[in-house]
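Taken from TrEMBL, the feature domain 'Exoribonuclease phosphorolytic' applies to F:11-140, F:159-224. For F:86, F:124, F:125, F:126, the entry in TrEMBL reads phosphate binding site.
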């Protein structure tokens, strides 16, 4: 039995609240159960220096956690003077994932900066971030089209992410914190609407995992991501 | 006429939402109109090294803004590797203000860390932070009493803050961003429930201000803070 | 009785020594009793990037203390790799204060950098810095006029600063270190030759202060600043 | 045809040179073709502070590249003042991978620090690092046993790693730089001697990848890692 | 002819003003012509961690320049967040030089921190610093003896330093800035009262120098240092 | 008797291996006995900003040590976030030494960056670095001539370096680590093929040294450097 009493292949309740804050071109509060992340998409009419004059745009991401989003207070990264290795891994993952479904040439010479800030953490902050960031990005792109700055959308597909893991010997979907901190294997999967993988990151926390465990986890992830993409579509139509 | 059509001595709608996130010992969302700040109070059972063995506690604060809490995206301080001078000034102000109404000896050898994180900015983030942080601090203290770790409250009085300024020649209460960015004089006032000052920080942005303007601003601030303290009391009783 | 045996409304002996070092366009040693600060004004024929092409100049300030300017040695900020929050607050205050009496458009596209370095500290280093920096700035501007780079002075008024505080229940002028470290309320006031305020920063160190105490402190500050401005005028004419 | 004219399932020539430098308890030069990494294992008779008194040891890793190990010179991380996100990702991966085959309780309260420094890069530096580091770690452990500090080895299995990817539509083993920089999908796989996964990190660089591509890549990786482990065994027996 | 019209073997006018500031245990203003450095010696009743419990003391030094001590303003090292390579070289040199004439065991488990801060620079700041710092150190030691904390002086000899160089083909003593910036060879020599070398640092700025030039420079340096030590003795006796 | 059983005026076995790694324009492994340093020379077709448009090139150097190149592991400078004072001194010395034998105008507006990375340390890493770097620089220059980018070599002479010191009362050549850590005086000498000095850096570690000791050390250094330059010539001809 999972601590949350969910069945093995059930997501936590997921909510995507658009227009959550008012300044950003896209702003979404994403909730995977008690995990809550504010995802904003900011449009900037310039590109990083390595892309100047190359006729294409860029999508990048930054990630942070409020110091008391977690059970015990973490040190504020702005105060300690650097982002942790974990933070950098996550924000690189979010950026790569979103770029996988954006035609950067069609975006034109502009940059969209995604900020994912966790205000409450209960496991799965990176997968919630990717799932919510896609909706914020979509709103920002829609704004560019509405303003006549783009004639067609550079977005090529949906993208969403979920964690899966082996918890007490069983493959389960969408780990919450009690599962995440106790599981033997933890895998984050990022997948497109077409059902193709953009990222598969599996880590044995304790016992190494077999090929058949890997397959069971991927099956669960595919099911979960299909549901998340349906929720994204619903949110974007409302 | 003020941009928001408020009269000169009217606060913006103020809301104090307690128990906003679930991990912190005190957690409050404070809203002054469109300015929204999450204030958490974290209890730590140790003190900074300069207080070790001195038989007293400490209250300190940190402040941050989400990169897109503002109209144009600001650089993330964790990414740039340091907190700006403005951030440091504000967090020092919040800490000093709260310590003014806490008997640190009665608190015992523990520290309460206040985190004020702006999720949407429309002027007055530091005064909203102080006003909300007091409620979060009160909840954290109440928890210590409920847990039997304190027998009486070390809080000696209420504390709240508001900005006042000279906008288009008129003294006005609780500046929003359009007023803040255009005003001639900007003053932040921190006051106790007893009506005494803890901080008065007035700055001439353009034309220096006279003694009579100063007096008019202080009158407005006193009125506003009295209302804010009433709202704190109401929130803490609900 | 004050530790220095001064009466409540008496400044410490103030000296302003111009041309103190030889490289800077303006260089002043300012002494408020045992507090000694070297203030230099450096003219740079360019402006910070946020002002490029805007047809105006800039005045900014930096502040530092020699490690053993104080009673016990402080860590050197260059060695610790960052400026403290206190240092940043003070240098921002000095810069704002001086800009309040400079017509930046008349200054033209150049920058004047003020450096205030404390070689001996005995309280009031920020107010001594502002008072001395104005004289260094005036000398630098006079040099620009003499060199034919400016036809009229962009300085619109004098500016000086003093601290006041409530010490052992009494409002006193120009706190030295023994008073500063023991006072209940500490206020720094920056005022123009016309008698208008540029900054009023009052902080209750212990007991919050009343409106009437505030008024008594402001009266003292006005008296002290009028005397400081007379000393500036005298120094500039010699 | 691959640029190196290897068949799809062929590793580059792999060499493991033990005792490469003389100070470290384990020191191995690992070569995967033109990729050359010095892996050292340093035994320290203490543990990081978070493990003090917990009755277990620790294995951690750091990674670096000589500035001109690459085709164009990279900025030296010591000079730029921080390790890149990529560096941090890689060193975290190396440390996790090695810990998966070490019984930290049996290691006792000591730490083994692995340093992987790339002196020449041609793709696959992280997988070469893991493969070589295991041999350096084994030598360091053997030294502890020889010195009577350990009675039995805390190493529970071999561990090695290889990259696989989809290059010009074909799944290939052990990417060199020309393949790595042009491939559609890049996957790093870390596996134990027992054939179980410790890490699977697949990233779509261009086109997202299907489940069947994933399976083909994992098949190749398993073949390659089995060969690498045989080479480790051979090296350790010589 | 030298720019200053001195003969080749003449020092600039040297002044050593003791008790220059009031907080430090030793405080000296040293002037070599227009080069002016404040040297303070601070006694701390502890030692750096690498010497804890070793039964000996330590002498160390830090060096800085006020931003406008030079002809054009330098960036403040506290603001740029690090000390330059030049600053570090100089402060390491000052510390090593002073330790050469202090019996660290006799000093006991305490540290003396020397701060050398240049308020006006005209060449030779490091040699002036060493020469002045010795006097500040001597005063600090005398204070320890007077306070009964030491029974005999741990100082074993005088130490002083001077620069010499080849300027327009001629070996000259005590370079000022116009000579320093134009010379072919620049050498800093640190010597004891007994006439032995502690440091010899010669650098060819343009043309490499011969053995006979080296000898001529060392002859000049010996003469200059003998005069400097006489001035130290005179200052310490007054 | 020296620990290595060498006579007082004997170098350690010196090896210069060209083309050691494949990416750099010059790449040399230099060995002075057990001291091993990889020296690479990287050609960049631009100059640092302070030389833009001045019609000349630049040669600069960076230095590093692998963490376990030494007997006990050193902290990685990239991880600690800054280069030590020692590292900066050494890399500044290497750069100055090489620039002494390069006609920067003839080099044209390009920069050659030398990286010296110590993979195994046994004393004398800075002198080995200079000696090896000259060969790497020569290879890089030869490549520019071969590519038609330069018509004649800007190299004006050979340059090499060696350490000498007083060990157990005797002047000895080319200190290894056991000598270096125990010697009374340590001197690094950098000399050209013409036998002129570029740098002489002598430091008394314990007892100050006399003029006659200095002369004995310089005699040894000249002998050693003449041999090193012969080895450079041999290596460059092979």
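Please read every residue number as a count from 1 along the shown chain.
Cβ coordinates are placed from backbone N, Cα and C, and glycine is handled just like the others.
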Cβ within 8 Å of the phosphate site's Cβ centroid: which residues qualify beyond F:86, F:124, F:125, F:126?
F:63, F:90, F:118, F:121, F:123, F:127, F:128, F:129
Greatest CA-CA distance (Å) over the residues F:86, F:124, F:125, F:126 that the record ties to phosphate?
13
Within 10 angstroms of the C-beta of residue F:126 (phosphate binding site), what count of other C-beta atoms is obtained when all protein chains are considered?
24
To what whole number does the mean pLDDT across the domain 'Exoribonuclease phosphorolytic' (F:159-224) round?
95
With helix taken as DSSP H, G or I, strand as E or B and everything else coil, how many residues of the domain 'Exoribonuclease phosphorolytic' (F:11-140) land in each class?
42 helix, 41 strand, 47 coil
Here are the binding-site residues: F:86, F:124, F:125. Which has the lowest count of other Cβ atoms within 10 Å?
F:86
Please count the residues of the domain 'Exoribonuclease phosphorolytic' (F:159-224) that DSSP assigns to helix (H, G, I), strand (E, B) and coil.
18 helix, 30 strand, 18 coil
